[in-house]
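See below for the structure under consideration.
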Amino acid sequence: MTFAKQSCFNSIILLSIATSYFKIGHKISELGNRIEKMTTFLIKHKASGKFLHPKGGSSNPANDTNLVLHSDIHERMYFQFDVVDERWGYIKHAASGKIVHPLGGKADPPNETKLVLHQDRHDRALFAMDFFNDNIIHKAGKYVHPKGGSTNPPNETLTVMHGDKHGAMEFIFVSPKNKDKRVLVYV
């Protein structure tokens, strides 16, 4: 995507967010206090408050390392989003540069496919970060879920791909400086 297209896309996203906040009674000035663009962020399971981590917490996990939910916060669980095609992009583990993949790298992974980190970059690893509906969607249409679908999964719960939509599969993107402050990841 060219710089001009990316800038236009970012402006459209911000305008959409501003319009949504205005429609529900928030002042536009409050928007700046609530949403910040951030290149590095945490992925927080909305219901439980736990965060997406590479299993074991390594700064350079091996290919096919599972992604789990855990309550700890540290720099080895920071993520970045690299836009590739409009809303689609790679969810990158900031410390290692590896990206989130469905295990096996299938174009249409079945329900319960584990999420892992891997170095390869291809269209089967593209996701969109849906700020409005609080979910992470794979290009094939399935969503990131905690395995088992619990609203309060224990530490070390695997994350998987699944087609269902419900409150237990909602994720938000927050600042590493303030785990309660939402951030915009499309920068």
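Even glycines carry a Cβ here, placed using N, Cα and C.
Using a 10 Å Cβ-Cβ cutoff, G104 (N-acetyl-alpha-D-galactosamine 3 binding site) registers 13 neighbours. Summarising the annotation, Swiss-Prot assigns N-acetyl-alpha-D-galactosamine 3 binding site to D64, H101, G104, D120, R121, H122.
Annotation comment: Swiss-Prot describes E112, H145, G148, D164, K165, H166 as N-acetyl-alpha-D-galactosamine 2 binding site, evidence class experimental evidence. Just so you know, the Cβ of D164 (N-acetyl-alpha-D-galactosamine 2 binding site) picks up 11 other Cβ atoms within 10 Å once every protein chain is counted.
According to Swiss-Prot, the feature signal peptide maps to 1-37.
Taking a C-beta cut-off of under 8 Å and a sequence gap of six or more, M38 (site 'Removed') has these contacts in its own chain: F173, S175, V183, L184, V185, V187. Annotated site 'Removed' per Swiss-Prot: M38, in sequence order, evidence recorded as a curator's inference.
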Candidate with sparsest Cβ neighbourhood (10 Å radius) among H101, H122, H145, the listed binding-site residues: H122
Just to confirm: which same-chain residues, 6+ apart in sequence, have a Cβ under 8 Å from the Cβ of H166 (N-acetyl-alpha-D-galactosamine 2 binding site)? G149
Other same-chain residues whose Cβ falls within 8 Å of the Cβ centroid of D64, H101, G104, D120, R121, H122, the recorded N-acetyl-alpha-D-galactosamine 3 site, in sequence order: N63, I99, G105, V116, H118, Q119, R124, A125
